[in-house]
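**Student:** I grabbed these lines from TrEMBL:
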type     : residues                                      : note
ACT_SITE : His75                                         : active site
ACT_SITE : Asn147                                        : active site
BINDING  : Arg72, Arg111, Phe160, Arg357, Tyr361, Arg368 : heme binding site
COMPBIAS : 27-42                                         : compositional bias 'Polar residues'
DOMAIN   : 28-415                                        : domain 'Catalase core'
REGION   : 1-45                                          : region 'Disordered'
REGION   : 396-448                                       : region 'Disordered'
REGION   : 516-542                                       : region 'Disordered'
Amino acid sequence: MTQPKATPVESRGGETHQTAGGDIPVLTTQQGVPVSDDQNTLRAGPRGPALLEDFHFREKIFHFDHERIPERVVHARGYGAHGYFESNGALEKVSRAAVFKKGEKTPTFVRFSTVAGNKGSADLARDVRGFATKFYTKEGNWDLVGNNIPVFFIQDPMKFPDMVHAFKDEPDRGFPQAATAHDNAWDFISLTPESMHMVMWVYSDRAIPRSFRFMEGFGVHTFRLVSAEGKSTFVKFHWKPKLGLQSVVWNEAVKINGADPDFHRRDLWSAIEKGEFPEWELGVQLFDDAFADKFAFDVLDPTKIVPEEDVPVQVVGRLVLDRNVDNFFAETEQVAFCTQNVVPGIDFTNDPLLQGRNFSYLDTQLKRLGGPNFTHIPINAPKCPVMNFQQDGHMAMRNPKGRVNYEPNSWDGKSPREEPGPRESPAAGYTSFPAPVEGPKVRQRSETFSDHYSQARQFYVSQTAIEQRHIQNALVFELSKVSRVDIRARMVSHLLNIDAGLADAVAKGLRLKEAPKPMPAAKPTRQDLKPSDKLSIVKNPPKSFTGRTVGALVTDGVDADVLAGLRKALKAEGATLKLVAPEVGGVKDSAGAWHDADEKLEGGPSVLFDAVAILPSKDGVTALAHLPAARDFIADAVAHRKFVGYSAGATALFEKAGVARDEGFVPLNKAGDCDTFVAACRKLRFWDRAAAER
Ligand code: HDE
């Protein structure tokens, strides 16, 4: 465990007035005036009216009234952590960026987020997750503002406000919160065929990750890397989680949102507090103009991927998150990512969405952080020298001395000057890659952006049967919340262009009275692309239970050896054991030893764990089986295809809960059985039980 943090008073202190007693700082106003009474306002007599001259009260309330800043217009709910990026040097020849030099360790700050919900919404909303990384490099800040899904809904930034309006709560009624299961969202989607590929991803398990630690990240757009010699290479960025990918199932997500709306932020925070630092590999797909020209899709189209089978992902470094924030507002809330923040050796392409983003992020920070000096806030300030002649403005914190505030000047010759190069010199300033540009001014979508169904199909057919069923169920769930039948039918028309089986399952799930016709497509000849195994989560299991948690339901008399064995086996795996008991105080084991519980049963449902162990004693199970929360605990674990370890005493609870044992159940009668149980848990889910699911 890390050391407890400094108390707020200490960390807010610095030099302080001391109390008469000596070592406690005196409370002061913002002006530093010592306060004698912080409990009572100044008034004319004990029962009289408040006095306007109470400057302490007025200042305190004034400051409180202004505590909130506008939440982000999208990605409002997020959670951040500090860490570092360590380069393995594989990109040294491809990019001149210092961040990619072999062995270079660059401090980073990452913020994960959901997109649609407000700041107080629940973590397990079905949504894209933001994965934004700020690299404080020696040559300035580089922001890689990505998502956990490699494509996007739209191809042109002009449509972003419409898309966001349609997805968020409806303007007349102000709901639903953090959900696309409503008419406006599906009206927009079904009128926007370019979103179909993204629809496959968002209604797959990718949009309900088990935790931030178990999800991939993507830069989405094609970027450029530029070498010291000025050679450009196209690049797509990937973050690959060291712990592998894992998602929850929808019924679990719904229940987690009730049981622990902070499930994802708590998970990240606790992992870092425990010293289990989450880690990702940074991977790149590199390709040149020749590949871009022959590739079946336009590499500038953000609704398309480049399959890993076509261009393999090469690992170029690792990201480790090893420090929680000290102050959520100062760091996570005030961090300002801007896609325009690039460093020498990293450049943009003409992806229209990326070009639009480059305007939006800078603009939105002005509103959110209140002025042009948001780069002075410590979380946004580069960790390399910053020297220019920009000055003044709201909250200016960097205020240089002296007379010179312009360039060129003829004063002391020590004020900053630009450094044009040569490019290969490490000191050379940022130069844009001189990509030739010509053409008429038009508002026109390129023909090469017009195939909206082929990659959507490729994603769908690359999934396992269980993952396909989850997509079908998600679409049926969402469209069942849409009141207009014509919108439901319009969506099925699109699905007919993706996969007949998918369209059929959704049409049946909705019970459409009439079978819709396929949507006329801009490019009617959908290509049947080769399936890509990398697109499936289930086909790429982590083969380890590291970083996961078992919830053990225990009563008095729990077998002391089994409990010790389970703790040991999980520790060896790098996993955690949490005890769930009828009372939070804890239980006494069969040897008479006391174990504090981590959760009271009602507050620790099985949805919060990756696998469960049901370990009541034979005496303890009778009372346990009477508790609805105990029956839900096991029934949900089974419905969510979790592995179940169990004591002999547990069978009475299974009977009461109407649960039948299968091969996903592992008996835990002695300490030695625990290794078998943990080995089973490495598969994460007993998917074979899925046969029972519709
Ligand atoms: Fe964003 N996006 N976005 N976005 N985005 C914002 O900037 C925008 C897009 C992403 O944790 C905003 O600081 C436009 C794609 C993340 O602070 C805003 C378009 C991708 C975050 C904005 C897009 C993203 C944002 C709101 C279409 C994945 C959270 C607050 C042209 C590659 C960053 C803010 C954080 C945040 C605009 C599309 C990722 C309004 C106009 C594609 C992870 O500027």
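From the backbone N, Cα and C atoms, a Cβ is placed for every residue, glycine too.
Quantities reported herein were computed from a predicted structural model and do not represent experimental measurements.
Can you tell me where each of these features sits in the structure?
**Tutor:** Classification of His75 (active site) by DSSP places it in coil, neither helical nor stranded. Over all protein chains present, the Cβ of His75 (active site) has 23 other Cβ atoms lying within 10 Å.
All protein chains included, Asn147 (active site) registers 23 other Cβ atoms within 10 Å of its own Cβ.
The DSSP secondary structure for Arg357 (heme binding site) is helix.
Panel annotation: around the compositional bias 'Polar residues' (27-42), residues 17, 50-51, 53-57, 59, 63 of the same chain, lying at least six beyond its termini, place a Cβ under 8 Å from a Cβ of the stretch.
Residue counts for the region 'Disordered' (396-448) by DSSP state, with H, G and I taken as helix and E and B as strand, are 2 helix, 0 strand, 51 coil.
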**Student:** What is the average pLDDT across the domain 'Catalase core' (28-415)?
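**Tutor:** Taking every residue of the domain 'Catalase core' (28-415) together, the mean pLDDT is 97.
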**Student:** Have a look at the binding-site residues (Arg72, Arg111, Arg357, Arg368) and report the one with the fewest Cβ neighbours inside 10 Å.
**Tutor:** Arg368
**Student:** Whole-number answer please: how many Å between the C-alpha atoms of His75 (active site) and Arg368 (heme binding site)?
**Tutor:** 13
**Student:** Using a 10 Å radius around its CB, how many other CB atoms surround Phe160 (heme binding site)?
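**Tutor:** Phe160 (heme binding site) is surrounded by 17 other Cβ atoms within 10 Å.
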**Student:** In angstrom units, rounded to an integer, how far apart are the Cα atoms of Phe160 (heme binding site) and Asn147 (active site)?
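**Tutor:** Rounded to the nearest whole number, the Cα-Cα distance is 15 Å.
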**Student:** Helix, strand or coil at Arg111 (heme binding site), per DSSP?
**Tutor:** strand
**Student:** Could you give the Cα-Cα distance between Arg111 (heme binding site) and Asn147 (active site), in whole Å?
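**Tutor:** With the alpha carbons as reference points, the distance is 11 Å.
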